[in-house]
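Participant: My structure is below; once you've seen it, I'll send some questions.
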């Protein structure tokens, strides 16, 4: 599957202030988001499924790929385009057996070793970070920074996406490290003008 990783939106309903997630995703796509990941923690499988279906209606309308965070069962249930897995989630090889060769599998990596191992195991892309301190994850290790990002991108050949504290002020310097795109949550979803925020990032 040919994926444009340039502006990768990850969902977080805690930033929406009562707004519909599907509408916010649509605004982000209209602004230039090229890939969407539904990320939900601490909700029931039924609720996750329903949310993913609502978002999928939007991504399908605009022909934007949809990935599911962690939950391979949800990805299978809605026939999503793939999954994004963390270091403590199911091994890539098993995920590939379950999902098949035509689905996208992304892996989080925080250093060169993890990124190289992900590529060897068959990951389609790696999410690199955390790049900067972020308000989204409270229990992260020390950020890898721009130097860490550049070091990793020079050691792998699969696409890479930077994540963690990325916004319109630092996105240009992040992209200059050689990553294929940026992953954002609050830089888009915290804005009253989601489409405008997305457009600003897409044009960097």
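Backbone N, Cα and C define each Cβ position, glycine as well.
Keep in mind it's a predicted model, so treat the numbers as computed, not measured.
The annotation 4-amino-2-methyl-5-(diphosphooxymethyl)pyrimidine binding site is assigned in Swiss-Prot to 37, 38, 39, 40, 41, 69, 108, 137. The Mg(2+) binding site annotation in Swiss-Prot covers 70, 89.
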Participant: Within a 10 Å radius of its Cβ, which of these binding-site residues (39, 41) has the fewest neighbouring Cβ atoms?
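Facilitator: Candidates: the binding-site residues 39, 41. Fewest Cβ atoms within 10 Å: 41.
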Participant: I'm trying to understand the geometry here, so how far is the Cα atom of residue 40 (4-amino-2-methyl-5-(diphosphooxymethyl)pyrimidine binding site) from the Cα atom of residue 89 (Mg(2+) binding site), in Å to the nearest whole number?
Facilitator: 15
Participant: Name, in the order they occur in the sequence, the residues of the same chain whose CB lies under 8 A from the CB of residue 108 (4-amino-2-methyl-5-(diphosphooxymethyl)pyrimidine binding site) and which sit 6 or more residues away.
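Facilitator: Listed in sequence order, they are 84, 85, 86, 87, 114, 126, 127, 129, 163.
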Participant: Suppose we draw a 10 Å sphere around the Cβ of residue 40 (4-amino-2-methyl-5-(diphosphooxymethyl)pyrimidine binding site). How many other Cβ atoms does it contain, all chains included?
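Facilitator: Step by step: centre on the Cβ of residue 40 (4-amino-2-methyl-5-(diphosphooxymethyl)pyrimidine binding site), count other Cβ atoms within 10 Å, giving 19.
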Participant: Check each residue in the chain of residue 69 (4-amino-2-methyl-5-(diphosphooxymethyl)pyrimidine binding site) that is at least six apart in sequence and keep those whose C-beta is under 8 Å from its C-beta; list them in sequence order.
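Facilitator: Listed in sequence order: 10, 37, 38, 39, 40, 83, 84.
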Participant: Rounded to a whole number, how many Å is the Cα of residue 41 (4-amino-2-methyl-5-(diphosphooxymethyl)pyrimidine binding site) away from the Cα of residue 89 (Mg(2+) binding site)?
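Facilitator: Residue 41 (4-amino-2-methyl-5-(diphosphooxymethyl)pyrimidine binding site) to residue 89 (Mg(2+) binding site), Cα-Cα distance: 14 Å.
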Participant: Looking only at Cβ atoms, how many others are within 10 Å of the one on residue 70 (Mg(2+) binding site)?
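Facilitator: That number is 18.
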Participant: Give the number of CB atoms, excluding that of residue 89 (Mg(2+) binding site) itself, located within 10 Å of its CB.
Facilitator: 17
